[in-house]
Amino acid sequence: MDRFCNGTPFWDSNLTWDGDWPEFTECFQDTILVWITSGWLWTTAPFYVIYLAQLSSTRCQWTWKTYTKLVLTVLLLALQSMDVVFAVSKLTNDWMKASVFAPIIEGITLEYETKLFEFVIFYLCFTFTVIQWILNSIAENHLQQKDMNPEQESSFLSRITFSWMTRLMMQGYKKPLTEDSVFGLKQRDTSQEAYSRFYNNWVTECASASHEYETANHQYHLQEAESETSYLLVKSHKNIKSQQHQTKPSLIKVLCRTFAVQLFIANIWKIVYDVTLFISPFLLKMLIDYTAASKDPEISNFTQEWKGYSLVAAFFVTILIQSLMFHQQSFWSMTLGMRVKSALMSAVYQKALRMTSEARQNSTVGEIVNLMSIDAQNIQDFISYFWVLWSSPLQSCFSLYFLYDTMGHSMWSGIGVLLILIPLNGFVISKIHKLQAQQMRQKMKG
């Protein structure tokens with residue numbers, strides 16, 4: 001490793017944690033800091049290319065931002081090429097050095113500081129990169145309709161902070177909002193789009209269930225033609241009835257095929273939120289240790305001033321990430337629940353329109369209304385709060401572990417109080433369900 005790092009150490013704790021100011025070794029800067037960022041871009045690039053390939057081709061307007069980004073990209077490539085040439089010119093017989101690979105990796109991905117040339121190259125690249133970042137954080141305005149949803153053309157920072165809603169909120173602050181003031185729905189949020197995807201998967205599921213039933217029915221008739229004992233025929237008859245019952249189309253399968261990917265993405269935000277949620281107690285413990293060490297420097301080397309600022313900055317970043325992740329998870333979950341409800345209500349409505357007179361006699365108007373309002377709403381609530389099924393137990397387990405590690409057996413007194421409240425909550429919930437069932441029966445009578 002020392003040979004690859006040109007004789008310098010890969011890691012030195014005296015420079016990073018124990019120093020008056022945190023610094024990384026030159027080898028660490030040329031390897032980990034470069035490889036992680038560039039590796040992330042290389043890993044995600046194929047998925048982004050696939051995403052771009054699926055988009056419909058549109059004509060983009062060439063604006064000053066487009067030309068500026070193009071010029072900056074060419075300048076960055078030129079600077080990285082100069083950096084590579086300079087690194088190669090310093091080679092002796094051994095070319096397997098981290099200082100050679102770093103500018104090559106940086107140049108392909110689209111950053112030095114000891115000598116004048118490296119100093120100039122680094123800060124020129126840094127300046128151009130910051131300008132590129134700012135320009136790419138501002139999305140191009142391609143809105144073709146006045147009431148088109150601005151989220152469709154918003155940048156990543158705009159979506160993560162919901163700043164695309166600022167114009168509507170400012171307009172609502174100045175005057176009351178009307179129907180014309182509200183943005184139009186995105187294409188994927190319309191009931192037509194949600195039902196279309198749901199219906200395609202529903203047709204596939206019905207065809208699959210019909211094929212399974214025909215196969216089972218064919219096997220039953222073959223068995224019936226054979227000269228077997230009577231109890232085998234009865235058993236086969238029962239099996240075919242059971243198979244007929246099992247081959248009904250599954251609504252759960254259709255919902256999973258239609259919305260599982262979106263549900264997974266919505267829960268990814270919650271995973272990041274839960275991770276940052278448990279980082280805060282550790283940061284608080286480190287801050288307490290730092291405060292104690294500042295009063296008595298002999299008990300710890302945790303006294304450098306920059307460590308206190310770093311802990312405060314870590315607190316701010318952690319809370320910021322928690323807020324962003326939680327609101328993104330809520331937005332994705334609620335939006336997905338809305339799509340599921342729209343698809344189900346459209347499916348029930350389509351079915352109600354195609355029902356025969358004989359079928360209508362077996363279904364009252366109240367039952368249809370309950371399917372479109374109560375049942376569809378219950379499924380929407382389940383989708384919107386699906387994260388509770390896995391996040392709450394996970395948070396409880398980690399919380400109990402950290403409490404036991406900090407407080408010991410005294411934690412069980414608080415757990416006992418929570419366990420006592422569980423039956424009370426169950427009693428209240430059962431009463432609510434009974435009252436809701438009575439309400440639904442009254443609607444069906446109407």
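Using N, Cα and C of the backbone, Cβ positions are placed for all residues, glycine too.
The transmembrane segment annotation in TrEMBL covers 32-55 (among others).
Taken from TrEMBL, the feature transmembrane segment applies to 67-88 (among others).
What TrEMBL records for 120-139 (among others) is transmembrane segment.
TrEMBL lists 264-446 with the feature domain 'ABC transmembrane type-1'.
Long-range contacts of the transmembrane segment (271-288) within its own chain (CB-CB distance under 8 A, at least 6 residues past either end) are made by residues 308, 311-312, 314-315, 318-319, 321-322, 325-326, 329, 391, 394-395, 398, 402. The transmembrane segment annotation in TrEMBL covers 271-288 (among others).
Taken from TrEMBL, the feature transmembrane segment covers 308-326 (among others). Below 8 angstroms of C-beta separation, residues 22, 160-161, 269-270, 272-273, 276-277, 279-280, 283, 286-287, 290, 294 of the same chain, each at least six residues beyond the ends of the transmembrane segment (308-326), sit close to that stretch.
Taken from TrEMBL, the feature transmembrane segment applies to 382-404 (among others).
Here TrEMBL flags 410-430 (among others) as transmembrane segment. If you look at the transmembrane segment (410-430), the same-chain residues 6 or more away from its ends with a CB under 8 A from one of its CBs are 400, 403-404.
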Tertiary contacts of the transmembrane segment (382-404) (same chain, 6+ residues out, Cβ under 8 Å): 259, 263, 266-267, 270, 274, 277-278, 281, 329, 333-334, 336-337, 340, 411, 415
